[in-house]
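Structure first, then comments.
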C-alpha cells in the first residue's frame, strides 16, 4: 500500500501489488499545515498520481499472457533446452572471444534489455538480449587488491592476465604501486592475448574507447599508471627511468597484433601534428614528445605482410578481409563518439568493427583470440547520461549477435562480462511497458515532485533549483544527454561495487558457474583453448572431440548415402 498525507489527510491508492490500505507512510511529514495555494498544488499532484496508478488497472500486457498455457508452455520449452546442457561441450576451443561491457552492471543489462525491446516497438521486459541466450551465467567478484570498489585498470589485469591487481595499474601484479615507475620492473604479468599469440593464434582488440585505454591496454602493456597514454602524460622522471608509455607498448610488446581497432589517434603522432580528420584543431593534434610516428612505423613494418591502416568507416568497409592479414584502424583522436551521435559516414559501429575483425582473424587454421570492449557504457554512466550508456549496451549486444553468426559454439568459447558496475538503477513501481527513460507513475511523498524511473546514487545529475529538487516534468528528460537525478552531487558518477554477471557459451563454458573471483576468467578460457599453463588435458581431449570441420563432411556423406538408398 502506498499513501500520501497532506494537512492530516490520508490519501489512499492501490500499490504496485494490487493491495490497498490506510495509515500514513513511514517518514511522511504531516506536521505543518499547508497554505491554500500549496494545498491546490499538492491536490493536483496527488490526483495526477492517483490517475497514473488507476491506469495500472487496465491491462498493460499482451492478451495471451492472461492464459496460464502461455507461461507453462514457455517454461516447458525452456526446461527442454536446459536438459540438453547435460551433455557438456568439452571440445577444444579453437577460437576465444571476450566481450567486455565496461561498467555493465546487472541493472544496466536489465535496462538495456527493456530498451532493446522498446526500440522494436515492444513493451521491452520480455525481450531477450543476445547475451540472455547464453546457457551459462556466473557472478564475478570485482574488487581490486587495494580497492573495495574497483577501477577498470586493475579489473582488466584480473580478467585478462589472471591475477588481481591494484587500481590504476595494468599488466602488473599487486606488488607494483600506482605511478611509481621503479615498481614496474620484475612485476610484469602477461595476458591471455599473449598466450594465444604464443600458441600461434591470431589475436585482435576492438574497442569504442582509445586503444590505449585501461581495458585494452592490460592485454599488451605493463604500466603502473593507466593514464600514461603517451609520453606526454608521463612524468619526466618515469621516462628517464625507462618506463614506456602505453601507446608505444601497443606496438612493441607483442609482435604484430593482427587486428587493432578503436580510437586514440593523437597518442600515436608527434606533438602538434595536425589530425587527418580535424585539421587545425589543437585538442586533436598529436601528443608525442619523442617525435615518433607510431602509425608510420607500423605501416612500414607490415607493408609486405598485407597490412592496412584505416581511419574512417569508408576505408574500413572497402577492405576485403580475405586480402588483409594485419589491420590498424584508428577512427578518432580520442575515444569514439557515442553510438547515438556517431557520424555514420566516417565512424564504424562496434558491430561493423567486430564483423571485419572476425573475418580477418578466422582465416588462421589455429584459430584466434579477440577482445571486444563496449567501453563507452562506462562513460555514459560517469556523465549521468543513462540514455547514452544504454544505447551503447544495446549496440554491444548487436555485436555479440553478429559474432555468433560468424562463429560456431562447437569450437568457439564466447564470454561476456563487465569489469565493474555503476551506482545506476531504475525503479518506482513503473507499469509494464513504461519507457525505460520515463517517469515513475507517482510523485514523491516528501517533496511532491515527479521523478524518473532511472536514478543514480551519485553524480552530476544532482540539481537544486530555488532550494529544492528540480522538477523533472519541466525539462526534457528524454533528450540524449539528459543527466538523470542523483542523490549525492559529484562531477562524475562513480563505479558500483556489487558482483557482475559472466555469460558464456561454447567449449568448457560450464566451468564458468557460481560466484568466482574475476581473475578466474582467463584461466578457464585458456584451459578451453589449451593455451597458457593448462595444457596437460589436451591430448586426450583431441582424441575424444572431433573438430567441426571433420564432423560436418561425415554428416554430408551420411545424408548423401541415405538419399541414394531411399
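Note that Cβ sites are derived from N, Cα and C of the backbone, with glycine treated the same way.
TrEMBL does not curate its annotations; it predicts them automatically.
From a predicted model like this one, the values you see are computed outputs, not experimental measurements.
Around residue 152 (active site, phosphoserine intermediate), the same-chain residues six or more apart in sequence whose CB sits under 8 Å from its CB are 102, 103, 213, 214, 215, 226, 378, 419, 420, listed in sequence order. Positions annotated as active site, phosphoserine intermediate by TrEMBL: 152.
The annotation Zn(2+) binding site is assigned in TrEMBL to 102, 378, 382, 419, 420, 495. Sequence-distant contacts of residue 382 (Zn(2+) binding site), defined as residues of its own chain at least six apart whose C-beta falls under 8 angstroms from its C-beta, comprise 103, 422, 459, 492, 493.
Taken from TrEMBL, the feature Mg(2+) binding site applies to 102, 213, 215, 373.
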Practice problem: Measure from the CA atom of residue 495 (Zn(2+) binding site) to the CA atom of residue 373 (Mg(2+) binding site) and give the result in Å, rounded to a whole number. | Solution: 17
Quiz item: Setting 102, 213, 215, 373 aside, what same-chain residues sit with their Cβ within 8 Å of the center of the Cβ atoms that define the Mg(2+) site, listed in sequence order?
Solution: 100, 152, 156, 207, 208, 209, 214, 216, 374, 375, 378, 419
Quiz item: Tell me which residues of the chain lie with their Cβ under 8 angstroms from that of residue 495 (Zn(2+) binding site), as long as they are six or more apart in sequence?
Solution: 103, 149, 150, 151, 420, 421, 422, 423
